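Features reported for this protein in TrEMBL:
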type    : residues                : note
SIGNAL  : 1-20                    : signal peptide
BINDING : 134, 136, 170, 197, 412 : Mn(2+) binding site
DOMAIN  : 215-313                 : domain 'Peptidase M20 dimerisation'
Ligand SMILES: [Zn+2]
Ligand SMILES: [Zn+2]
């Protein structure tokens, strides 16, 4: 081959879009590797020091410090302990990336050297064990890694990035609280919103995506069943709220099986029941806590109405006066299903594939878990959002579970132990690539 034609080929390949893509992806990979020791230290600190919803004081201070060190302009205490970091880099689109920060009231049983041994106060002042059992410590580490990568790659993009640490996700309150506190009026309003969530069923090194509906509506329901208490040996002189609660629990199973279309997802779970103090006393009341999940608003409303109706019907059948009909309280009316904007998801999936290879990106089905991430896009006019799943399971544990059929510890389990290094590196590589591509996409249209 003659020298001039060789030069031609080299020049052509250097200036082809494919080369540029590979070049950015490999630069991001180099940064993810280089930054990992720092992110590992951050992750293990967060994992060992979880804070509960609305109590994320030290976590948010650390997030603020890390974002400042990455060159962001940072505001703290937005909607509680929310943190907002802004990095402006010329004209272009605005992208918001969100990580949630709260842990859960669970006693960790992973046996990891950096396991949480923390007992702390919840927002009602009660002592609770605490654990990052939902991987929010992974989310923060990826957010900071991505922030540092974006800062180092400033010559590769134009626009504005807004990186937020969100409090109180586990209570489905933090996103709404940050919006109410001026997330889009005090700070640049985003064109797109991105997030990721740790997956306890995908191996580390892989990511999953789910276009359109991905996570469900959620409502927490508190029911107080009243009765007329008395001696356990004279039940005929009482109205027993324990028997009434037993009827109630079995009756509400028919909401899903008999009142909801089999083609519509719906879950009614009684997660807690408390009543009575002794063998031979019929109590005055029993308290129940339920979680409801659905996708359509119609199913959500129908489930709530049916619970109220069944409560009323059972109280009438028991001969209770109206003043003693069960009290039904609905919490968190804002827990809407997460809808991943299909066009945005398509763009993000392209970036994910170019960052870590086509074989490491899987389409996954929707689940009935819930997240308040979707709330961030439910404004007027709406903002497209996309949240993808980040694999966190050690490959050998994943293989073993596939071979034996044994269930892996799910999210919210005291045994959930994500593998930090490949998970966080994959998170940083994919999220940085997605943000850079979206900003480039925006500047092309200008
Ligand atoms: Zn969770
Ligand atoms: Zn979570």
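Here the Cβ of each residue, glycine as well, is placed from N, Cα and C on the backbone.
Feature map: annotations from TrEMBL on the structure.
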residue: 134; record: Mn(2+) binding site; DSSP (3 states): coil
residue: 170; record: Mn(2+) binding site; DSSP (3 states): coil
residue: 197; record: Mn(2+) binding site; DSSP (3 states): strand
residue: 412; record: Mn(2+) binding site; DSSP (3 states): coil
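A Cβ distance below 6 Å to any atom of ligand 2 is met, among the binding-site residues 134, 170, 412, by 134. Closeness to ligand 1 is met by 170, these being the binding-site residues among 136, 170, 197 whose Cβ falls under 6 Å from the molecule.
Apart from 134, 136, 170, 197, 412, the residues listed for Mn(2+), the same chain places the Cβ atoms of 100, 102, 104, 132, 133, 135, 169, 198, 411 within 8 Å of the centroid of those Cβ atoms. The binding-site residues under consideration are 136, 197, 412. Their Cβ neighbour counts within 10 Å are lowest for 412. All protein chains considered, the CB of residue 170 (Mn(2+) binding site) has 21 other CB atoms within 10 Å. Across the domain 'Peptidase M20 dimerisation' (215-313), mean pLDDT in this model comes to 96. Here the Cβ of residue 134 (Mn(2+) binding site) has 25 other Cβ atoms within 10 Å, regardless of which shown protein chain they belong to.
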